[in-house]
Amino acid sequence: MNIGIVGFGKMGKRIYDLAHESSYCVKAVIDSFSDDSRVTSKSIDKSSLLDVDVVIDFSAPVTAIENIKKYVDLSIPAVIGTTGWYDKLDEVNSYVKEKNGSILYSGNFSLGVAALLKIVSYASKLMNALPSYDVAVHEVHHNKKADSPSGTGLMVAEEIVKNLDRKDKIDCECQHEKIEPNVLHLSSSRVGSIPGIHEVIFDSDVDTITISHSARSRDGFASGALRAAKWLIAEKRAGLFSMDDLINNIFGE
């Protein structure tokens, strides 16, 4: 598999290293701002992606839509890890379908997180029969992370609201008064160098059930992105896909 990496920050560099460890060939590294000697081009075009089978993009939200359209126009499948463009999802979906492109996107490529979302979805459905349990979500990341809550934290919370009838709203703000029963509280902490912890707490008067995922490094995200790239080009899949499509394929759903 010949890979092109667009965006050579921490994730791009880890994907580069894991790709070589997995005997994949990195044919191109594109970054407009990096002076790293491994960068092969500053821009995305036909010549800079020559002989590339699939692109893995962890660049910037401001260029995400433009980049996706370029990959589609060049008929190069692409895995998009960049977030911050999902409000344009309908526009992208229409463009990909019209041009018969091949795009897979996700805010988190960790297979462990994907499994967590499945588990949380199932647990939330079960809890419809156990009204004595309340639920909350808490996420923890390193103190260099600029935003909160995390995109993954929101994904976890959305799975609960989608499947647990008594919760229909997510509140990410600090609480200064009693929270309403229909509201799911999603809280955040920023401390040290933690790559990411996401925890779902089901609590009743008699016991507490906790579902938790802890990332030890970026390797889970990088290896998941590589697996997504391999899946995307395996059968020349056309369309706009999410991590759910890959996970459903893995789990045989």
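Backbone N, Cα and C define each Cβ position, glycine as well.
Taken verbatim from TrEMBL:
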ACT_SITE  His141  active site, proton donor/acceptor
ACT_SITE  Lys145  active site, proton donor
BINDING   Asp31, Gly81, Thr82, Thr83, Ser106, Gly107, Asn108, Phe109  NAD(+) binding site
BINDING   His142, Gly151, Thr152  (S)-2,3,4,5-tetrahydrodipicolinate binding site
DOMAIN    1-109  domain 'Dihydrodipicolinate reductase N-terminal'
DOMAIN    112-246  domain 'Dihydrodipicolinate reductase C-terminal'
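Counted over every protein chain shown, other Cβ atoms within 10 Å are most numerous around His141 among the recorded positions His141, His142, Lys145.
When the Cα of Thr82 (NAD(+) binding site) is compared against those of the recorded positions His141, His142, Lys145, Thr152, the shortest separation belongs to Thr152. The distance from the Cα of Asp31 (NAD(+) binding site) to the Cα of His142 ((S)-2,3,4,5-tetrahydrodipicolinate binding site) comes to 25 Å. Those residues of the chain, other than His142, Gly151, Thr152, with a C-beta within 8 angstroms of the mean position of the (S)-2,3,4,5-tetrahydrodipicolinate site C-beta atoms are Asn108, Glu139, His141, Lys145, Ser150, Gly153, Gly196. This prediction places the mean pLDDT of the domain 'Dihydrodipicolinate reductase C-terminal' (112-246) at 95. Checked against Lys145 (active site, proton donor), the binding-site residues Thr83, Gly107, Phe109, Gly151 differ in C-alpha distance, with Gly151 being the nearest. Following the DSSP three-state reduction, the secondary structure of Gly81 (NAD(+) binding site) is coil. Assigned with DSSP, the residues of the domain 'Dihydrodipicolinate reductase C-terminal' (112-246) fall into helix, strand and coil as follows: 51 helix, 39 strand, 45 coil.
Cα-Cα distances to Thr152 ((S)-2,3,4,5-tetrahydrodipicolinate binding site) place Gly107, Asn108 within 10 Å, out of the recorded positions Thr83, Gly107, Asn108, His141. Relative to Thr83 (NAD(+) binding site), the recorded positions with Cα atoms inside 10 Å are Gly151, the candidates having been His141, His142, Gly151. Broken down with DSSP, the domain 'Dihydrodipicolinate reductase N-terminal' (1-109) shows 39 helix, 23 strand, 47 coil. For Phe109 (NAD(+) binding site) paired with Gly151 ((S)-2,3,4,5-tetrahydrodipicolinate binding site), the C-alpha to C-alpha distance reads 12 Å.
When every Cα pair among Asp31, Gly81, Thr82, Thr83, Ser106, Gly107, Asn108, Phe109 is compared, the largest distance found for this NAD(+) site is 21 Å.
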